[in-house]
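Asker: Just passing along the structure, written as structure tokens.
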């Protein structure tokens with residue numbers, strides 16, 4: 001199963017990070033739509049995820065171009081049978097897909113590879129439109145949803161916080177965020193290929209979410225004089241219409257609005273198409289078959305694909321944006337290369353942090369052992385003082401006792417290492433525990449002068 005996956009594992013503690021997902025490179029728009037999670041579904045889906053064996057924490061990031069499961073838990077999660085297959089089977093069952101339907105459409109990343117992937121995606125380096133900033137906000141929404149649902153644990157929290165910090169560095173130190181090109185702007189660029197100018201055009205926007213709001217602003221900047229915004233909740237359409245100087249209508253008014261539109265861009269959360277073949281055909285007849293540009297940027301589709309068969313209708317879906325997107329990607333390659341260097345620096349910081357976390361329990365254990373020795377020596381010294389022993393003698397015995405007890409274990413192991421010819425242990429011991437004579441003399445002299 002999924003032979004093309006490459007899972008890099010660098011396990012630094014008992015918890016494993018795993019990402020399983022699909023995006024615009026691995027799956028069609030239709031399949032991405034079937035596997036996406038609506039906002040209403042995410043909370044219950046997160047609870048179902050953490051109920052799986054071995055999964056302790058979970059975050060879901062689901063957009064029009066990707067769905068990704070971020071989980072943390074037992075080390076076997078990063079294995080095919082221990083985590084990857086169970087998560088795929090869960091994803092298929094949740095969305096009522098047949099077993100194996102997602103074969104060859106998923107990718108997986110574990111531990112350090114998961115961290116690198118998270119930063120790259122949140123930075124917009126893995127987006128359909130290179131460098132688009134909306135994905136960062138969508139990551140934050142997924143993070144907040146998991147936090148509200150109680151499925152965000154310390155491991156995923158640490159990774160996401162690290163990724164958020166890295167994304168800010170990427171955007172501030174490179175040009176990846178300059179002259180932002182989003183899916184919304186790409187839709188407007190495509191419309192410009194059909195119409196030489198927008199001065200007399202009427203645009204119908206279906207939906208009132210963030211993407212449509214961006215489309216409306218881009219169209220206004222491009223000189224489109226009339227915007228009609230249709231939405232199921234009319235109050236949201238009215239709010240956006242006030243912002244951009246447009247008109248608001250309900251979805252029931254779509255047939256009438258279509259007859260007036262030259263540009264139609266749709267992005268709703270409807271599970272079924274809101275613009276049908278028959279609806280568009282009737283509008284084209286009323287418009288005397290004047291050219292009609294349509295862009296479906298919804299997942300699942302808002303416009304029935306058969307609409308593309310109508311004469312003088314130019315229908316584009318997300319999968320048709322590749323030409324413009326490729327041009328944009330080439331113009332941003334230099335910034336993307338610089339961003340990769342920033343990400344590598346961030347990964348190095350993550351490695352250091354992981355190693356520090358991994359030795360935390362060891363340090364704590366040694367401190368506890370030293371504290372036990374100190375408490376025992378202190379109790380013995382206090383008892384001697386209470387019996388009238390000379391304070392100077394008690395202090396001398398205490399210092400010798402602490403020295404002997406604290407160094408007994410290390411010196412015993414040092415002798416064992418010497419007998420076993422373990423030069424690596426001897427070198428490490430010298431590096432960690434023994435002062436250089438010059439450094440020791442210098443510190444002693446500084447201490448003498450300070451007194």
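Every residue gets a Cβ built from N, Cα and C, even glycine.
Annotations per TrEMBL:
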type    : residues                                : note
BINDING : 63, 64, 65, 66, 127, 132, 133, 134, 138 : substrate binding site
BINDING : 207, 208, 209, 210, 211, 212            : NADP(+) binding site
DOMAIN  : 20-174                                  : domain 'Glutamyl-tRNA reductase N-terminal'
DOMAIN  : 189-323                                 : domain 'Quinate/shikimate 5-dehydrogenase/glutamyl-tRNA reductase'
DOMAIN  : 339-432                                 : domain 'Tetrapyrrole biosynthesis glutamyl-tRNA reductase dimerisation'
SITE    : 117                                     : site 'Important for activity'
Asker: Other residues near the NADP(+) site, CB within 8 A of the CB centroid of 207, 208, 209, 210, 211, 212?
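Answerer: Apart from the listed residues, the neighbours are 205, 213, 214, 215, 240, 267, 268.
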Asker: Nearest to residue 208 (NADP(+) binding site) in three-dimensional space, by Cα, is which of the recorded positions 63, 65, 117, 127, 133?
Answerer: 63
Asker: Using the CB centroid of 63, 64, 65, 66, 127, 132, 133, 134, 138 as the substrate site centre, which other residues of the same chain sit with their CB within 8 A?
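Answerer: Near the substrate site, the remaining chain residues are 124, 128, 129, 135, 183.
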Asker: At the Cα level, what's the spacing in Å between residue 133 (substrate binding site) and residue 211 (NADP(+) binding site), rounded?
Answerer: 12
Asker: I need the CA-to-CA distance for residue 65 (substrate binding site) versus residue 212 (NADP(+) binding site), whole Å please.
Answerer: 16
Asker: Greatest CA-CA distance (Å) over the residues 63, 64, 65, 66, 127, 132, 133, 134, 138 that the record ties to substrate?
Answerer: 15
Asker: Can you tell me how far the Cα of residue 210 (NADP(+) binding site) sits from the Cα of residue 138 (substrate binding site), in Å?
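Answerer: Cα-Cα, rounded: 11 Å.
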Asker: I'd like to know which of these binding-site residues, 207, 209, is least surrounded, judged by other CB atoms within 10 A.
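Answerer: Ranked by other Cβ atoms within 10 Å, the binding-site residues 207, 209 bottom out at 209.
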